[in-house]
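K.L.:
Have a look at this one before I ask anything.
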Amino acid sequence: MLKKKAIISQKSNKTAERKTGKAVKKIRRAKKNIATVTGMRDILPQDQKYWEKVRQVAKQISIDYGYDRIDTPVLELTELFVRGVGAQTDIVEKEMFSFTDQGGDNLVLRPEFTAAAVRAYIQHGMLNQIQPVKFFYLGPLFRHEKPQSGRYRQFFQFGFEAIGEENPALDAQLILMGWNSLNDLGIESVIQVNSIGCMSCREEYKKVLVKYYKAKAKLLCESCKTRLTKNPLRLLDCKESGCQELKDDAPQILDYLDDNCKEHFMKVVGYLDELDLPYVLNPYIVRGLDYYNRTIFEYWAIDDVEGKNALGGGGRYDGLVTMLGGREDTPACGLAMGLDRIVAKMREKNIEVPDKRVDVFVAQLGDAAKKKAMLMYENLRPNGSFTIAQAFHKDSLKKQLELANKMKVKFTLIIGQKEVGEGTIMLRDMQGGVQEVIDFNKIEKELKKRLEKYREGAVIDLTADEEEKESSTEIPEEDVADLGDLGDDLAAV
Ligand code: ATP
Ligand code: MG
């Protein structure tokens, strides 16, 4: 009987252990750290300076060429891209993050900007403005692609669109703008240019292309077999090595351009020559989207000879405004650059971007001084000519000075009890270690004067302007007493 009881209790112990084990696992699972969604990533503070640099250059280009910023919503109606980009494109067929919202609308996280820019042009009646209407945009896009290096599910583009003009000078200028943006960032690139003509030249060309590929259909990859019937131009765009080999002998679109398209393209190329831009005529770039016609182009980094990671691209899309319900015959041209790949290239090439500069650190010791320093900070903050930092959450002067040192500030303002009483402040030149006591009301003026001299590269002459200051490399005895351990701290920095 006892034995039986013991067995029962052993069994129930095991069951209890199993149960506890399961519960622990469940809790662990529930507590598992939550990470970013597949293909999406954080851009951390230490990487921001590269992104900011790219944004700055993009904004400058938009100013230089007169393109005005537009921000469109991240969510759009799915129909915009089905009609605009094309139902048979990779983007619409497989890459859109789409869903039906609570109200039953079919929405999509925007996969590209051009269709949205054209929607805005039509929606706000911009055809009544001076043409072309020139947009600049910058923001995130979403495509459900296979994540890999240089390919994310949330990525960023900046771009320019000029709607309402067909002059080839515009195509050339847009090509130049994209190239300039890379060049201004220190990235060497080669422009790949092609013309895919208008609808009618393309129809003619598609027929010969399909004929060529049909004879070799067995050698094509699975996607290309489908492209053969659905979107034959994209056969030329395939990155599979088997398909790449076949394309070498494929007929070339440039031989099928009609006279108008040929003339337009020759003019574009003529401008590129005149501007002395590094370009190659590449009959195999076709771009993935349905709306393109005539000039199309991509930017490949100089060492990306196969264009596996294009940094940007664009082209003319004369039919899109009409396709989206706008006025017939509204020509347009644009380009988009990928920030993710541009930033990656800058890092790969060790392109330096300077760290954020802080000129002045405000340090304090003691409660009264902290209060005064906080107020002073607010007065100094909008000074317009120098940047300031602080660590009011810290009480130790030593720790504050260490931080100031780490930030490589030029000057530190130090305020303690004595300074509060006297209406003065101690100004320390971090490079020379020289400090002087200055009148509290003259801080901004004094800092500006000194920083200006620094920027001019001049050595600051501390003996000039004798009555205004009590300069010394030593902290006066009484200051050391009043500021507690300030003397030791300063000596240690
Ligand atoms: P790819 O041929 O490389 O797929 P794409 O033709 O689809 O590019 P566009 O739609 O023309 O690209 O976008 C212009 C630029 O945006 C690309 O040259 C690239 O720099 C960037 N880009 C496109 N898709 C992604 C992505 N999934 N992740 C990161 N950047 C991207
Ligand atoms: Mg793509």
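Heads up, the Cβ atoms here are built off N, Cα and C, so glycines get one too.
For reference, TrEMBL lists these features for the protein:
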- Glu112, Phe113, Thr114, Arg143, Gln157, Glu161, Arg287, Tyr291, Tyr292: L-histidine binding site (BINDING)
- 463-493: compositional bias 'Acidic residues' (COMPBIAS)
- 39-354: domain 'Aminoacyl-transfer RNA synthetases class-II family profile' (DOMAIN)
- 1-21: region 'Disordered' (REGION)
- 462-493: region 'Disordered' (REGION)
K.L.:
Indicate whether Gln157 (L-histidine binding site) is helix, strand or coil by DSSP.
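P.N.:
Once the DSSP labels are grouped into three classes, Gln157 (L-histidine binding site) ends up as strand.
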K.L.:
Please classify the secondary structure at Glu112 (L-histidine binding site) using three-state DSSP.
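P.N.:
Looking at the DSSP assignment, Glu112 (L-histidine binding site) belongs to neither helix nor strand, so coil.
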K.L.:
Sorted by position, what residues of the same chain at least six away from Gln157 (L-histidine binding site) have a C-beta under 8 A from it?
P.N.:
Glu112, Phe113, Tyr137, Leu138, Gly139, Leu141, Gly312, Ala336, Met337, Gly338, Leu339
K.L.:
On the 0 to 100 pLDDT scale, where does the domain 'Aminoacyl-transfer RNA synthetases class-II family profile' (39-354) sit on average?
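P.N.:
PLDDT averaged over the stretch: 94.
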K.L.:
Where does Tyr292 (L-histidine binding site) sit in DSSP terms: helix, strand, or coil?
P.N.:
coil
K.L.:
In the structure shown, which of the binding-site residues Thr114, Arg287, Tyr292 has the fewest other Cβ atoms within 10 Å?
P.N.:
Arg287
K.L.:
Among Glu112, Phe113, Thr114, Arg143, Gln157, Glu161, Arg287, Tyr291, Tyr292, recorded L-histidine binders, what is the largest CA to CA distance in Å?
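P.N.:
Largest Cα to Cα distance for the L-histidine-binding set is 21 Å.
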